[in-house]
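Enquirer: Have a look at this one.
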Amino acid sequence: MTFTLIIRLLHTMTSSLVPLNVRGMKVLDRSKFLRNIKVPVLKVSEQTLAKITPLCKSYFLKLERFKPVQSSKLDGEESKKNIYLNPDTINSWTDIEENVRKDMSVFEVNESNFNTQEIQLTYDNWSFDIIFNAVLPENEEKLSSFSHIGHIIHLNLRDHLLDYRFLIGEVLLDKIRSCRTVVNKSNTINNTYRNFSMELLAGDEDYIVTVKENRCNFEFDFSKVYWNPRLCKEHERILSYLKQGDVLFDIFCGVGPFSIPAAKRKTIVYANDLNPESYKWLNHNAEKNKINNQYFKSYNLDGKEFILTVLKDYLLDLCNEKRKLDDSSRIHITMNLPALAVEFLKYFKGLVRSENVNNLKNEIIVYVYCFAATKEIAKEMVCENIAIDISKNIIEVFDVRNVSPKKEMMRVTIKLTNDILCINSDDHSEPPLKKLCVESK
C-alpha cells in the first residue's frame, strides 16, 4: 500500500492518558512507559452486555492492545463484564449523558454498576503519536507527516528532531505493522538522477518496494529512484485526460506512474528517463503489468535529446503523412521535473519547421510542472523560459500540492500550437546548470 500518513498530535490530551517522565528521551527505553491509572468501569452481566455496549461505545477507553470490554477477574464475578471508559471524558456516573443513563436503566444498569479501577498501561498500549507527543520537545513542532511506501516509512525530519531520529524510527517500526524499514531523507536532491541519500533509522536495509497505484503494481529500489505517494491524485488526474488512441510523451517518466497506467489503458506511450535505474524499473514495471509493446516504448535519454529526436521525429512523420493518427486523438506531453522542467520548454520552439506543418491536425497539450509561490509566478516562469508570450496558450495553472510555506508545486497546462512549433529559432543550447533541488517527482 502506498499512502501518506498525517499525524494528528493530541495537544489537548490530559495527563491521565499520556506517558509520564519520558520527555527528552533519545534512546528508546520501553520500560519507562509503564503507568498506573484509575479508569471508570461499568460492570454489567454477560446477558446485558449486548444491550449496553452500543449505548456507551462513544465513551470506551481506546488504547492499543487494550480491549475496552473484558471479563471481570474478581472471584465470584466470572459472568460479569467490565466496560472500561475514557477517564478524560468520564469521571462520575453523571458525566454520562442523561439520555444514555435513562436508556441503560431500562436494562437495570445504574450508578451501582459504576466504579473505578486501577489498570497498568505499558509501552504496548501507547500509539506512536501519543509517544511522540510525550517524548519530543514540548515547545517545538512535532513530527507532522511521513510517507509510507511499501514496507518503508520515509521521514523528512527537521533539524530539531534529528537527535531523536533513531527513537522515532524504532517507535514507528514497533507501531506500524506493515513497516519493516524506516529511513530519513538526509539531504536535498542534488544529483542528476533526482534520488536522495537516505539514513537507515530502524529495521531492514531493504529498499526494494512494491506499491500499487491506479490499478498498476510498481516495483523499484527506493534508494535509487524517486517516488512520491503524495502525487497519486495528480497522476490520476492526468490519466483521466487520456483516452484510448491518444499519444503520451512522458519526458521525465521515472518508474512510470503516468506511463504504465496510460499504456495499460491503450494510450500510445513514449516514456523517457535519464536515470538508468529509473529506466530499468520502468521496463520491469511494463513487463510486470503485462503492457503490450504496441502501446509502449521506453528511452534512456536526456530530456533535451528526447524532445529533439523522438518527439520531433514523431511530429515530422505526422506533418509529412508518414504516420497516421486519428484527427480526434490528442498528443499529451508530461514534464514532471518541477525544479527544471520549464527550462526545457524552449526546445518546443521551432521544433518542426516544416512546410507541411498544416497536416498536423492533432491538439498537443503540455503539462509542465514547476515550483512557484503563486500561479502568476508559474505563468511568468513558463513564458520566460520559452522566451515568447504564450499566456494565451495557457489553459490552466493548477496547484498540485504545498511543498513549504512559500513553495507550491504547480502544473501549467499549455496548448502547443503550430505557430510555436514553427517559430524560427535555433536556441537549442543546453539549459543552464543549476543545483537540482527536486522535492517531488
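Each Cβ is built from the backbone N, Cα and C atoms, and glycine gets one as well.
Taken from TrEMBL, the feature signal peptide covers 1-16. The annotation domain 'SAM-dependent methyltransferase TRM5/TYW2-type' is assigned in TrEMBL to 146-418. Residues or ranges marked as S-adenosyl-L-methionine binding site in TrEMBL: His235, Asp273, Leu274, Asp302, Gly303, Asn336.
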Enquirer: I'd like to know which of the binding-site residues Asp273, Asp302 has the most other Cβ atoms within 10 Å of its Cβ.
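Expert: Max Cβ neighbours within 10 Å, all protein chains included: Asp273.
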Enquirer: Could you tally the C-beta atoms, other than its own, that fall within 10 angstroms of the C-beta of His235 (S-adenosyl-L-methionine binding site)?
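Expert: Cβ-Cβ neighbours of His235 (S-adenosyl-L-methionine binding site) within 10 Å number 21.
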Enquirer: Restricting to the record's S-adenosyl-L-methionine-binding residues (His235, Asp273, Leu274, Asp302, Gly303, Asn336), give me the longest CA-CA distance in Å as a whole number.
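Expert: So the maximum pairwise Cα distance among the S-adenosyl-L-methionine binders is 22 Å.
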Enquirer: State the count of C-beta atoms found within 10 angstroms of the C-beta of Leu274 (S-adenosyl-L-methionine binding site), not counting that atom itself.
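Expert: Its Cβ shell of radius 10 Å holds 20 other Cβ atoms.
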